[in-house]
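One structure is given below, encoded as structure tokens.
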Amino acid sequence: MPADIMEKNSSSPVAATPASVNTTPDKPKTASEHRKSSKPIMEKRRRARINESLSQLKTLILDALKKDSSRHSKLEKADILEMTVKHLRNLQRAQMTAALSTDPSVLGKYRAGFSECMNEVTRFLSTCEGVNTEVRTRLLGHLANCMTQINAMTYPGQAHPALQAPPPPPPSGPAGPQHAPFAPPPPPLVPIPGGAAPPPGSAPCKLGSQAGEAAKVFGGFQVVPAPDGQFAFLIPNGAFAHSGPVIPVYTSNSGTSVGPNAVSPSSGSSLTSDSMWRPWRN
């Protein structure tokens with residue numbers, strides 16, 4: 001009897017049907033589900049990349065700083081990053097110093113570039129609506145502080161920008177068709193006869209209308225061209241108040257001096273009563 005029951009159970013079509021026939025197939029995964037399922041794998045790969053980069057960075061920074069790697073075998077990630085930042089800042093300062101020593105205009109270019117970037121950031125923050133007000137204020141304040149520090153920078157051998165004297169203005173030469181501004185080689189020294197210092201504001205001499213119009217002021221002295229092509233220097237009284245260096249007087253395009261001797265402005269006791277020194281007189 002038990003054998004007959006076993007035969008009936010084995011011959012039943014329901015028992016012979018596999019269980020997988022009654023189950024429904026799996027639905028395809030959506031993009032979000034796929035991201036969720038692959039997120040642990042991506043996180044593991046990201047951590048592995050970070051650790052590998054930090055390991056290489058640790059080796060490089062210890063070699064650059066010439067430190068024994070055996071004594072720094074257990075450095076934290078934050079320590080490695082801080083050492084790298086300090087090393088890069090030192091390299092940047094060294095490169096800036098070397099560049100300034102070879103070309104002083106580098107600092108001006110750097111200031112101009114930083115100022116342009118700061119203006120662009122300010123322009124963007126003033127038009128962008130999604131930036132927090134506190135963040136905007138802090139960022140602009142930080143850029144302003146950096147700009148102040150950059151303006152205070154000087155290259156080796158240069159004084160502070162606020163202490164530098166402005167360059168002297170280029171002198172204006174006397175009027176003439178073929179005369180360039182006074183910049184010849186060391187000029188001959190010419191004696192300054194007496195009486196060459198009229199009081200300020202007084203008319204120096206009676207020249208023609210064209211000669212009077214051509215009179216120019218050069219370096220504190222009034223230059224009066226003579227009809228024969230030479231020039232006369234009118235020296236104010238203040239030039240003889242204190243002793244000073246010898247005053248060079250330039251002559252016409254012939255390049256010759258009127259006299260072989262030279263006197264100092266302090267020799268005011270030998271002045272004569274002439275109102276003006278005329279080099280064309282012998």
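If you go along the chain as it appears here, the first residue is 1 and each next one adds 1.
Cβ coordinates are placed from backbone N, Cα and C, and glycine is handled just like the others.
Some features that Swiss-Prot has for this protein:
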REGION    1-44  region 'Disordered'
COMPBIAS  10-21  compositional bias 'Low complexity'
COMPBIAS  26-35  compositional bias 'Basic and acidic residues'
DOMAIN    34-91  domain 'bHLH'
DOMAIN    110-143  domain 'Orange'
REGION    158-204  region 'Disordered'
COMPBIAS  164-174  compositional bias 'Pro residues'
COMPBIAS  182-202  compositional bias 'Pro residues'
REGION    256-282  region 'Disordered'
COMPBIAS  264-275  compositional bias 'Low complexity'
MOTIF     277-280  motif 'WRPW motif'
Reported mean pLDDT - the domain 'bHLH' (34-91): 90
Residue counts (helix, strand, coil, in that order) that DSSP gives for the domain 'bHLH' (34-91): 46 helix, 0 strand, 12 coil
DSSP helix/strand/coil residue counts for the domain 'Orange' (110-143): 29 helix, 0 strand, 5 coil
